[in-house]
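Enquirer: Input: one structure, supplied below.
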Amino acid sequence: MALGEYPHGFIITTVVCLIIVVFGVFSNIISFVIWVSKRQRLKNSSAKYLAALAFFDLIVNIQSIVDSVQSLCRPAVEHPDYLQALLAGAQYTGVMLIFAFTLERWIAVWYPLTKSKICSTKRGYILMVALIVISFGCAYLVYGFRDKAKLIEVGMELIFSLVVPTITLFFNMLVIYEMNKLRMKNKKMTVQGNGHSKNKSDLTERETSFVATTVMLLVLSFYNILCNLVAGILASFSLLINSPPDNLITEYEAKMNPDYRRNVIMNKLIDYCRILTWSHFSCNLLVYFFLHKSFRKQALDMIKCQKDSLLRGRSSSESLQLLSSKSNNRFRKPKFSLRPDKSSADPLTPGSVNRTRVNRTAILEGTQNLNNHTKSEEHV
């Protein structure tokens, strides 16, 4: 099928989604490199979850690029079950990781004294591995036994697109409620207190950093919840759509059929909403960059270091070229000429021999005159 034969909306949605996922490849690589760095892991306890989220979003973006290119070249391409299970497992893992760092932030806000004990680094990694195993196990159940149990696919879509995001939304509301209560309490203490000590300023700085990180995680969580809820609702509606009958022959009969028209409308709606539902796999970097000061500073430092390294590489290459040209000029052989140079003639040449003989004769004559002059003075 040629590109001009595709519907106009299909081309728009496919091209826009392709641009988004290509941006997502680079953004998730940058996010993963920054969140796994020691600088972020020491400051933010949720860095391990965000690094894992960037990694699995990168898998989804790479597979989405392949799907978009294949859909433009030859539509209705069927992928093997293991590849679909890998893609679904990466999506399920992203949903569970968002729930994990939301739950950790809820514990940090509601139980700050026991947070370091409950949410230790070791327990965080154990929980993350367990969530990955559960997510890919559910994806294997969906696509490994798809022929035997069709209801498993519907159940997993409802769990990871509706149930888990709804629970995450509930914990986000609790975090917002407690943060608002703490803010009002701190405001009253600030009005009643007097004086500014160094310890108070350090405490205020830590509280500001904690609040900024919490706001960033809340925005990220709400953004992903919105996309997952929209995807879950659209998937539920698509399951309720009846496929058009197979005995339709003409295009007029197909357009007059209510099931066919409803199917076309829902497919268009799904295509346009797919831009929103797939954007959260690519645009998390924007949330990190604009709402997290430490992440933004490290990202700008990385860009500056890359620019400086490129400039240093360019200057070093130019200096190497200059040194090589100087060395070539230093060890270059003199040009051969058949005409002898009179100013720098070789002593063995005939001209140089005559000049040396003349010089010796002049020296001998001068010595003889000097001796005669001394003898005449002695005689007198």
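Glycine residues also receive a Cβ, built from the backbone N, Cα and C atoms like all the rest.
What TrEMBL says about a protein is an automatic prediction, not a curated fact.
Feature table excerpt (TrEMBL):
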type     : residues : note
TRANSMEM : 12-37    : transmembrane segment
DOMAIN   : 27-136   : domain 'G-protein coupled receptors family 1 profile'
TRANSMEM : 49-66    : transmembrane segment
TRANSMEM : 82-103   : transmembrane segment
TRANSMEM : 124-146  : transmembrane segment
TRANSMEM : 158-179  : transmembrane segment
TRANSMEM : 210-241  : transmembrane segment
TRANSMEM : 269-291  : transmembrane segment
REGION   : 331-358  : region 'Disordered'
Enquirer: List, by number or range, the same-chain residues at least 6 past the transmembrane segment (12-37) whose CB is under 8 A from its CB atoms?
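Expert: Long-range Cβ neighbours of the transmembrane segment (12-37): 47-48, 50-51, 54-55, 57-58, 61-62, 64-65, 68-69, 71-72, 271-272, 274-275, 278-279, 281-286, 288, 295, 298-299, 302.
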Enquirer: Could you pull the average pLDDT for the domain 'G-protein coupled receptors family 1 profile' (27-136)?
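Expert: Its mean pLDDT is 85.
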Enquirer: Looking only at the recorded stretches 49-66, 82-103, 124-146, 158-179, which one has the largest tally of CB-CB distances under 8 Å to the transmembrane segment (269-291)?
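Expert: Going through each listed stretch, the top one turns out to be 49-66.
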Enquirer: Tally Cβ pairs under 8 Å between the transmembrane segment (82-103) and each listed stretch (49-66, 124-146, 158-179), then give the stretch with the top tally.
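Expert: The stretch with the most close Cβ contacts to the transmembrane segment (82-103) is 124-146.
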Enquirer: What parts of the chain pack near the transmembrane segment (124-146), using Cβ distances under 8 Å and only residues at least 6 beyond its ends?
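Expert: Cβ under 8 Å, 6 or more out: 45, 48-49, 52, 81-82, 84-86, 88-89, 92-93, 95-97, 100, 104, 152-153, 156, 159-160.
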Enquirer: Could you tell me how many residues in the domain 'G-protein coupled receptors family 1 profile' (27-136) are helical, how many are strand and how many are coil under DSSP?
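Expert: Going by DSSP assignments, the domain 'G-protein coupled receptors family 1 profile' (27-136) contains 90 helix, 0 strand, 20 coil.
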